[in-house]
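The L-aspartate binding site feature in TrEMBL is assigned to A:Glu176, A:Arg220, A:Thr372, A:Arg376. The ATP binding site annotation in TrEMBL covers A:Glu369, A:Gly417, A:Leu418, A:Ala419, A:Arg420. What TrEMBL lists as domain 'Aminoacyl-transfer RNA synthetases class-II family profile' is A:143-446. As annotated by TrEMBL, region 'Aspartate' applies to A:198-201.
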Protein chains: 2
Amino acid sequence: MNERVLIKDLSALPEGTVTVSGWVDTVRDQKKVQFVVLRDESGAVQIVNPATREIAEDDASSAERVATTEAISGLSQGSFITVTGTLKHDERVKLGGLEVKLATMDVVSHAIPETPIAADSSLDKRMDWRFIDLRQPKQNLVFRIQTTFEHALRQYWIDNDFIEIHTPKLMASASESRAELFEVEYFDTKAYLAQSPQFFKQMAQPAGFGKVFEVGPAFRADPSFTSRHATEFTSIDSEISWIDSHEDVMQLHEDLIVAGFTAVVEKHGDAIRELFGLEVTVPSTPFPRIPLAEAKRIVAERGYEVPRADDDMDPEGERQIAAYVKEEFGHEFVFLTDYASSIRPFYHMRNDEDGSLTKSYDLIFNGVEISTGAQREHRVDVLIEQAKEKGLEPEELEFYLDFFRYGVPPHGGFGMGLARVLMLMLHETSIREVTYLFRGPTRLAP
Amino acid sequence: MNERVLIKDLSALPEGTVTVSGWVDTVRDQKKVQFVVLRDESGAVQIVNPATREIAEDDASSAERVATTEAISGLSQGSFITVTGTLKHDERVKLGGLEVKLATMDVVSHAIPETPIAADSSLDKRMDWRFIDLRQPKQNLVFRIQTTFEHALRQYWIDNDFIEIHTPKLMASASESRAELFEVEYFDTKAYLAQSPQFFKQMAQPAGFGKVFEVGPAFRADPSFTSRHATEFTSIDSEISWIDSHEDVMQLHEDLIVAGFTAVVEKHGDAIRELFGLEVTVPSTPFPRIPLAEAKRIVAERGYEVPRADDDMDPEGERQIAAYVKEEFGHEFVFLTDYASSIRPFYHMRNDEDGSLTKSYDLIFNGVEISTGAQREHRVDVLIEQAKEKGLEPEELEFYLDFFRYGVPPHGGFGMGLARVLMLMLHETSIREVTYLFRGPTRLAP
């Protein structure tokens, strides 16, 4: 491995010889002196080189210096270079109060000079050239935040004795609704891509795993083009045994959110402030909980009637109730609970007293749904009835129903979209901004 | 959440009232006393109940006791129950030196009495009923080991400033070979399932991410039925910038293996000894490195001529070289290096001096290949030549080739099959034993 120093570590080094590697951000090619802003995964630094424009006959080394000067003049943005030079601390240098005086430069990869995107390119164009788009410090930070957030969740799960599972994404049948299912040619039969790990994370319960988690892809053949939908997304899932109700799931859920936000604020709070102009705050627990019927009343009182025939909320309703919660409780999160059974999947457990309601919730963050959770129905006879009521064929669900026939503990869990959390945390307008490579109905590349 | 105690925590508790929840392992229904072995995700405990077979007219509570006795007599294996009773420490009890004298029992889920599999059922039959099969303490341990191993790898990556990525599994074209590609109906076009995150983890390099990792599914339409192959498997991937050769990748790789094994031995060493009769050891670094040509000479000297026309090793050759390394260096791991370019993908960088060799390696563990790593070719003109040489159409690879046209650092990485590591660590004979839900050419369910 070459002995390069990360740019962020330069400020702590004494003056002297250093080697830095990265890509060319800008070149300022003045007559007497050349400046290169070099960027790596950790930051940016100014490289300075006194230009030597002509070979002096009486100076043997001048040919080499001219060659270097010309190489710098010819540097295109995005070229990857390694520079060895002398580190100087100088408060007058705006970029970090230091610069590196170039001694030698190695251009390891020349970039095509015409960069196909600029800062003001459309989101779609930027996605075409995502690998260049991701060089922006803001984008780099997004994925460092993602890394920290996920790791904090995993640390919580590990500390609490959860088992990590990897459920198969190839299934013989649908896991949620037949409508949004991708079909795969599977030797001489068909397979389907898992819309969620729902059935298989539940399977861990009769398997006696107790508490499980998974972070993995989920697939929805959803033709919509909203800023919140993708055909492939990273789903954060957890499922636990021996709960009394969805309240136990919500407690786990808010603890996880707090763990994730705490880690993000600690590690990236300053960088987020600088690059996004935002103050990310760690939410307090318990998060407010509002039954859906009450939420609709509150929203109506604010002058918004949810224009839906079914009992569901709509996106504007979610924004309105979030605004109310923000005003009333100063909170960015709210659990909407007790959704009507008519609009919930057959496997959500219903309320003991009122079968028209489920023991379920949605988690709303800054006005947008990021997650659905519930206690699951574990009584197989009830489950079959609920499946039939939804127009499903119990025969197609046999493998799933078997999970409940040989003993199963009461259990529940949630699934949460990773990109939605990041989008709302960073006040971005689309999950495309916070997805490494977005997949949509018309987007399969790069 | 009910106030249950995990069975593993009972031994540290004083005698007195406790509540435990789990599933019925066995019932011993004697005339005067009944014993239930109750198992949960953490262990097993004996429940004892003095049988009351007849209602005594002069004892008001006897009816209830008779009901409980009959409920225990009727308990089927696998039923999930909650028991509240009195914890007694008693050294004479073989199972953990304690028992719980039953006061009340709640049967939350009755299991169908006929368990469809037994300990001696075939592997295929056990996979049909995987959710019951996984109740075995050995199986439970496998997934705890998996959890610990993965977390240790992630902790290493986090500690070393890697970025976690989630690359898309839906692609517009092949990522490796056209031969083993699953095709997906994607709205009015076709998509393909990623055979590895290869192209997209490489994309993180021109994106300036520096060091990345991913743990996620990969898909191979491979019709083979060996004990080491699956159509869907969990791939552990890492890719790093600014390497000098594949040697840098091997150093990362062995550090990760050591981190994973150290955590597994610390946390599960005793349990592995008990349930698998095995001593898992942390390998020393550096792992032995043997160029493939030399490995073939060594194997030939041992009397085994690799029966292959190409320059590759075969499974028996891998076992032989592993046996040699074990004898010679006492090591379970060996890096075979410098594979012929004729048998490596076009994106492997070739040796500077000898273009017939690549800067690549396979990692062999206990005689089986678990991983392939390499420095990647980052010079786009060379890359195109190598693609053509392999009979690929550069036109189909345009999106990938673009990653190299706008600047890219030298880089390399590896992909490693999680199930293979676990299989070989635990001396299992098939990855099916260590995969939550195996997927093969004829296996899509459960």
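In case you wondered, yes, glycine gets a Cβ from its N, Cα and C as well.
In TrEMBL, annotation is done automatically, which means it is predicted and not curated.
Remark: secondary structure over the region 'Aspartate' (A:198-201) totals 4 helix, 0 strand, 0 coil, with classes taken from DSSP. With respect to their backbone Cα atoms, A:Ala419 (ATP binding site) and A:Arg376 (L-aspartate binding site) stand 25 Å from each other. Across the residues annotated as binding ATP (A:Glu369, A:Gly417, A:Leu418, A:Ala419, A:Arg420), the widest Cα-Cα separation comes to 12 Å.
Annotated pair A:Gly417 (ATP binding site) and A:Thr372 (L-aspartate binding site), C-alpha to C-alpha distance, rounded: 10 Å. Separation of the C-alpha atoms of A:Leu418 (ATP binding site) and A:Arg376 (L-aspartate binding site): 22 Å, rounded to the nearest whole number. It is 15 Å from the Cα atom of A:Arg220 (L-aspartate binding site) to that of A:Arg420 (ATP binding site). If you measure from the Cα atom of A:Arg376 (L-aspartate binding site) to that of A:Glu369 (ATP binding site), you get 20 Å. Here the Cα atom of A:Thr372 (L-aspartate binding site) is found 13 Å from that of A:Arg420 (ATP binding site).
Taking a C-beta cut-off of under 8 Å and a sequence gap of six or more, A:Glu369 (ATP binding site) has these contacts in its own chain: A:Glu318, A:Asp362, A:Leu363, A:Arg420. The ATP site is set by A:Glu369, A:Gly417, A:Leu418, A:Ala419, A:Arg420; from the centre of their CB atoms, other residues of the chain with a CB within 8 Å are A:Arg228, A:Phe233, A:Ile370, A:Ser371, A:Met416, A:Val421, A:Leu422, A:Met423, A:Ile431.
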